[in-house]
Amino acid sequence: MKDFRKRIENSFESFTRLIYRHSYLTLFIMLVLIGSIVSNLPKITIDTSTEGFLHESDPAITAYNQFRDQFGRDEVIIIAIKPDDVFNLAFLKKLRDFHHELEDTVPYLDDITSLVNARNTRGEADELIVEDLLENFPQNEQDLAVLKKRVLGNPIYKNMLISEDGKFTTVIIKTNAYSSIGVETDALSGFEDEAVSDKPEAPRKFITDAENSEVVRAVRKVVAKYEGYDFPVKVAGSPVFTNDLKSAMMKDMRKFMLMATLMIAFALYFMFRRISGVFMPLLVVILSLLSTVGFMALLGVPIKLPTQILPSFILAVGVCDAVHVLAIFYNRLQKGDNKEDAIVYTMGHSGLAITMTSLTTAVGLGSFSTAAVAPIADLGQFASLGVMLALLYTIVLLPALIAIVPIKAKEGEEDKAKHAKMDKLLILVADFATGHPKKILVASALLVVVSISFLLNVRFSHNPMVWLPDSMPVKSATQLIDKELKGTVSLEMILDTGHENGLYNPVLLKHMDGLATEVEGIKHDGLFVGKAWSLADILKEINKALNENREEFYAVPDDRRLIAQEFLLFENSGSDDLEDFVDSQFSKARFTIKAPWIDANRYPEFIDDITSRFTRTIGDDATFTVTGMIPILGRTISAAMYSAAVSYVIAGVVITLMMIALLGDVKLGLVSMLPNLTPILLILGIMGMAGIPLDMFNMLIGSIAIGLAVDDTVHFMHNFRRYYAETGDAREATRHTLLTAGRAMFTTSVVLSLGFFIFMMASLNNLFYFGMLIGIAIIAAVLADFLMAPALMALMMKNGRGFSKKLKTEV
């Protein structure tokens, strides 16, 4: 083992000397390569959609895409208006103008529905008439009274276009499911050469984040024009939520990157008191960040909500390698080495250690790379890539920069005094840790026991709406609409009869009608069905209209041929509303269930309840598929729970094996993990005690924290072995370790913790907890490495003579 490590150290020295002596060529080659990667940055995209949390190959997404392809987008913008009186001529005129201006100005519009154009189906003599509700606009109070009775008496309108108490009305905007990007707009596009037109069509993309933002901006522009005391407006719906989440994310990302850069620059100057000590590490880490995002753009991977932490994360984590290198480099320079000898010695001394710390961090992050939650997998892959790029640039670019940048030995009396004070503190810590090992370990054990007792209270959560601050209008609007109009998200049941005209079956349609009534009675502690509707509702409208508008005929007919005739009459009336409920073959139908937006951990049980009712009622008449926003949210929480468990196991096992390999001893490798696991248990205990849920961001804490915590342990153990072999005394070895690596360990921990504490200034609530908890974990980790690790080594060296001898002879 000793010879193997020595060969690795010699390799680092030889490679560094080669880089140093060919510094300009190295810089040229590296900058050309980096430039080619960074040139892809303009291609980067953003995706904050709800479905973006799952992989394209996920069955839930496959089903949802099939649904959108057939029936269009189920995510709608809901504009709720509460005037003094809905059924007032002045208000209805303003509503009509508002509706038409939205219709004229909102891009990518598929449909817009309000009381202005709501479907009004009636019979006149033997004729079926399907018209807009306000086609014959009311002229007087008598007309308004008739309109009010018609609206409040129509079950289709209830909790969709009018609240149950008649005080709220809505405008519902549905956009195109597909993006307009790549769609032919040329007036002559239909006259291409036949050979060209025979080419297979490229797969169409669903509406993009950028297009969605255009829609929301256009809607809000019109709303701002009409909103007033007589026209109070609330705007909600998934498209609005997605847009506002993206805006908050972009604002936070810019703020985090600026603050992280300034914080790192300040910490570097405080530690090194040199311009070169600030410039070179920042250049290395910024190039690492740009390269990482460049690779994302090159591979077509968008920035999503969890990956928004990537830039500031790489800035904070990536600089640590350079800090460890420069700490020893400047120290050797002060001792009289020239630049070449100083950097060669440094890389021989620390090259293996920084490689191992980067690998352990990458493994901690990489444990998420196979996560079922798509942005978590993206974060795992590209954060790992960023860490390894930072290592590569530190090993290659930093020596080349040192060769070119003028650097001289420099240490004034002020620096000497500062270092002397720091050295005294580090010696005091080393002596305390090795002098009272049992007390430290007993206190640590008690802390772990208490943490585990609270850890059992940790619960999973996925509710992006609560991430938004209360000050954001879309949050309060969603809560209001959920309360007054009974829901803002939907569950879609797609029934498939398996054959053409299968939906003329009166038994099946009666089952669908009965299920709508049944599920509207579901209530589970704040979760309820606000409305359910299907093809059967249109059929009941038609049947009533064709039977002199008599209420008793608001029902599904018993005769299959009559059903077919009634649907045919409806299609011939000029209405295209059937397209929203049934396919052209009348073999597949859509059944929509509306519910409030709540924590997704409540949805799986809700979905199971509805699914069991459909299974029991539909029987063999049709098969059904469950899709829509609610199942996607429910699937996301189950995928997150599974991914968290798997990633924690992978990170723990692989990092432990790497520590065993690095230290060359199973016992030492296992013991070295204790200071790394303790901070994780502490953080989970804090979460359980404070009621902080394990959500899409907090689930990252364990694997990220263990990957970062083990870095300082690697540096401590790597140096402890070296100095124990020289001194044969645990206390002296700990002193030397903290006096050399300790200062860099402290500085990198400060940089890392501050880098994560920055997230506490986020506008999104969940990022506040994420930053706070990882920041605390890093502080706990460095304390564990300054106290627990020396205490463990002191006991092992004292009580394990054979092990102590082996440690001395192997190094």
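In case you wondered, yes, glycine gets a Cβ from its N, Cα and C as well.
Where the annotation comes from TrEMBL, it is an automatic prediction and has not been curated.
Annotation source TrEMBL lists transmembrane segment at 20-41, 256-272, 278-301, 313-330, 350-373, 385-407, 440-458, 639-664, 676-694, 744-762, 768-796. Here TrEMBL flags 282-404, 668-795 as domain 'SSD'.
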Segment-segment contact (the transmembrane segment (440-458); the transmembrane segment (350-373)) at 3 or more Cβ pairs under 8 Å: no
Listed stretch, out of 278-301, 313-330, 639-664, 676-694, 768-796, that has the most CB pairs under 8 angstroms to the transmembrane segment (385-407): 278-301
Intrachain residues whose Cβ lies under 8 Å of the transmembrane segment (350-373), provided they are six or more past its termini: 5, 8-9, 12-13, 16, 53-55, 58, 306, 317, 320-321, 324-325, 328, 379-381, 383-384, 387-388, 390-391, 394-395, 636, 639-640, 642-643, 646-648, 650-651, 654-655, 658-659, 662, 696, 700, 703-708, 710-711, 714-715, 718-719
Chain residues outside the transmembrane segment (313-330) and at least six past its termini with a C-beta under 8 angstroms from it: 257, 260-261, 264, 268, 271-272, 274, 277, 280-282, 284-286, 288-289, 292, 342-343, 345-347, 349-350, 353-354, 357-358, 361, 383, 386-387, 389-391, 394, 398, 402, 708, 711, 715, 740-741, 743-744, 747-748, 751-752, 754-756
